[in-house]
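A short worksheet on the structure shown next.
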């Protein structure tokens, strides 16, 4: 480790010990060096004994800074790693940090765009509207048309900090399999790698701009979700310019109720937006926490959402979508055999998995869920239970499914916060069944034909020539095969002749040797000579084949 990494590691250890997180060290023989190290650092007491372990972990991550805050947020979705009480506390982590100087933000924007700010913008506000660990936002107006906008700027020098902490996380991840009995199954390096990819993606605002443009296109003229316009002419890797929007934070229940918002419709539309993104578009906003979702002031009786911050998105391929939809329907029909078979068929678990054992494990974990009324069953926790059970059967980490699970938990939590009686299954089931129906049977065949018609119409004039070329190739192939077959037959004949000559030569040589041993004078040498000539001739023929 470098001196800088050692200093950072000591700071992390000191913060963890001051929150009593040495309790997380398992009391097994392999961890005695860590427990002994705790005794050596006796001057760092636990100053938060009155708080629960989960709360202490959350506070420690907040003290370590933005990189660790985001890491904790990601870990909150991996409930196979922690007990529910700890995972719930990690989900409360807030990514809020002090803003950096507005003059520095102006300088960064001007450097990125290659000119004075006033060339493109008016009324630039140097005080940040919002600030997070990766970037902060300033308000302004477009000079060309007076449109209100926000300018998002990546924090200066954030990349070296992220890379340094990620390197340290990888080193710590290498220790986990050695210190925890179940450490290898948890795949700590994959967890860190997934987090690293998420962070690096968030640092590229051109990627976020492209994501927002795609989502805006998907929900053009939608009555459920509004995506602000992106002004791509002014976007760079570290600067993003988008339309400024106004709305009520979705978590501000009092404000929503004060304007008589239709809460039931709003909650149901949140579910519809999520499933539309996942199954219709295969492209979903994967960071739908309350800070990124607003509700329009307009038409409270017919409310719609406004989404921001598209740095993290997810996508599912066609097979994943089908297996996921069938999994949900099979689960709510309590067909655990079908759930187990779908996991194997999809490749989510190894093909040699014992389906009977897997079915029993799913039944054991999931059957108690149905003791509750259907309206109280958590979709997100259903998915979570399924994945946690599957991981015991060596289910590989599926980043797209982890993102989906996290997003579903957000959507469901928001929906029930808005309207506690929300029956998510009742809202989602018609959508899933309709989508599955569209993927199989006559509608799917007709759609596939429609998609292929332009291609075949383009290729139709070429069809006679293609058929002729194919027949000619077939004819030439037949001639080549016949020539090759004849050549192979000739080679086989030569090989048999050579083997025969080798055998004859060896026999004559052996006979001559025996005659020589019996005391005969000239005859043995005749046999030996003939055998040697025959053997050499056969060998030469064999070498030429």
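Here the Cβ of each residue, glycine as well, is placed from N, Cα and C on the backbone.
As the structure is a computational prediction, the values presented were derived from the model and not from experiment.
The domain 'Protein kinase' annotation in Swiss-Prot covers 123-501.
Every protein chain considered, the tally of other Cβ atoms within 10 Å of the Cβ of residue 131 (ATP binding site) stands at 17. The ATP binding site feature in Swiss-Prot is assigned to 129, 130, 131, 132, 133, 134, 135, 136, 137, 152; the stated evidence is sequence analysis.
Feature annotation from Swiss-Prot assigns active site, proton acceptor to 287. The Cβ of residue 287 (active site, proton acceptor) lies under 8 Å from the Cβ of 309, 310, 311, 312, 407, each on the same chain and at least six residues away in sequence.
The transmembrane segment annotation in Swiss-Prot covers 508-528 and is backed by sequence analysis.
Secondary structure at residue 129 (ATP binding site), taken from DSSP and collapsed to helix, strand or coil, is coil. Over the domain 'Protein kinase' (123-501), the average per-residue pLDDT in this prediction is 82. Cβ neighbour count for residue 137 (ATP binding site): 21 (other Cβ atoms within 10 Å of its Cβ, all protein chains included). The binding-site residues in question are 129, 135, and the one with the fewest Cβ neighbours inside 10 Å is 129. The number of other CB atoms found within 10 A of the CB of residue 133 (ATP binding site), across every protein chain shown, is 20.
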